[in-house]
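According to TrEMBL:
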type	residues	note
TRANSMEM	12-33	transmembrane segment
TRANSMEM	53-76	transmembrane segment
TRANSMEM	88-107	transmembrane segment
TRANSMEM	211-235	transmembrane segment
Amino acid sequence: MALSTSANFIKYLLFLFNFFFVITGVIIMSVGLTVQGAYHGFRDILDAKFFSIPTFLVVIGSFIFVIAFFGCCGAYKENYCMTLTFSILLILIFILELAAGISGYVLRNDTRELVTNALNGSMTQYGDPNHGDITLIWDEIQVDFDCCGVENSTDWARANPKMFNQTYIPMTCCRPQTGAVGMVSCPDREENTLRKTGCVHSFGDFVKAHAVSLGAAGIALAVIQFFGIMFACYLAKAIKLQRLGVTSY
């Protein structure tokens with residue numbers, strides 16, 4: 001017995017959905033890889049939580065290609081088992097993406113505390129020959145995000161008093177002075193050479209923005225895939241009724 005007109009429509013609609021489903025897989029992998037790349041240079045000071053969610057999204061994106069195969073084959077062959085398997089896997093992906101999205105938004109709310117702890121914990125290692133990577137990361141953060149210390153430049157004397165004091169601070173706390181020769185004076189408040197913004201603000205905003213991207217991507221794509229779940233379940237039901245010789249509507 002052939003599928004009803006509405007079931008046939010859903011069948012071809014499911015083909016179209018699978019095309020967009022694969023695209024969502026590419027998008028979610030891209031978002032995960034992009035955030036991983038953005039955080040990569042700061043891996044030695046950032047909490048592992050900032051890397052687990054993008055990695056999770058990359059894995060989900062890869063898994064989507066396998067799921068799409070079941071969806072296309074199940075719809076084309078009108079195979080109940082494959083279509084049902086597709087539905088179940090789609091529900092699993094929906095739950096995982098929703099969880100990743102919610103985790104991204106939770107991480108956004110915890111960003112300031114996590115970044116503050118990470119920066120405070122690494123300041124004591126600045127200038128240590130055994131932690132050259134930490135020194136490099138701090139210099140890059142202070143230059144790229146135009147900041148100094150955690151809240152301000154005085155944090156260096158508090159966190160690492162053996163190496164710094166109120167006037168002796170890392171040179172990356174100072175903006176380059178045009179035409180400077182020999183000894184460079186910093187801080188110089190009149191010339192605005194001292195970077196006054198704390199890194200927890202500018203660098204924290206950068207980290208927070210990417211956490212928001214993870215949350216938005218996970219939830220938005222989960223909502224889209226919810227419709228795919230309905231299509232797949234309807235088609236699986238229609239195929240089952242066809243096998244039983246019952247007309248579906």
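Every residue, even glycine, has its Cβ placed from backbone N, Cα and C.
Remember, predicted model here, so these are calculated numbers, not experimental data.
The transmembrane segment (53-76) shares the most Cβ pairs under 8 Å with 12-33, out of the stretches 12-33, 88-107, 211-235.
Beyond its flanks by at least six residues, the transmembrane segment (12-33) meets 53-58, 60-62, 64-65, 67-68, 71-72, 75-76, 97, 213-214, 217-218, 221, 224-225, 227-228, 231-232, 235 of its own chain at Cβ-Cβ distances under 8 Å. For the transmembrane segment (211-235), the list of distant contacts is 7, 10-11, 13-14, 17-18, 20-21, 24, 27-28, 31-32, 34-35, 50, 53-54, 57, 71, 74-75, 83, 86-87, 90-91, 93-94, 97-105, 107-108, 111: same-chain residues at least six beyond its ends, Cβ to Cβ under 8 Å.
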